[in-house]
Amino acid sequence: KKGVTLREDDRFPCNAGNCACLPLDSYSYTCQSPTSSTANCEGNECRSEADW
C-alpha cells in the first residue's frame, strides 16, 4: 500500500473504487479496498470518493 499525502487541492487521493483510510498513527491517507478492515483507520472509517 502506498501512502498518499494530504494535498492542498483536496482531491480524492485514491483510485476510483478504492477508499481513503487515515491511519491512527499517520497524517497521510492510505488507499485500500472497500472490503479491507478499517480497524486501524481514524473513526474506523474508510472514505469512498462519494463521501469525500
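Glycine is no exception: its Cβ is also placed from the backbone N, Cα and C atoms.
Computed from a predicted structure; not experimentally measured.
Copied over from Swiss-Prot:
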DISULFID  C14-C31  disulfide bond
DISULFID  C19-C41  disulfide bond
DISULFID  C21-C46  disulfide bond
For the disulfide-bonded residues C31, C46, the one whose C-beta sees the most other C-beta atoms within 10 angstroms
C46
Counting only residues 6+ away in sequence within the same chain, which have a CB under 8 Å from the CB of C19 (disulfide bond)?
C31, Q32, S33, P34, C46, R47, S48, E49
Give the residue from the disulfide-bonded residues C14, C21, C41 that has the most other Cβ atoms within 10 Å of its Cβ, counting over every protein chain displayed.
C21
Quick one: Cα separation, C14 (disulfide bond) versus C21 (disulfide bond), in Å?
10
Could you measure between C21 (disulfide bond) and C41 (disulfide bond) for me? Cα positions, answer in whole angstrom.
5
Tell me the coarse DSSP state (helix, strand, coil) of C14 (disulfide bond).
coil
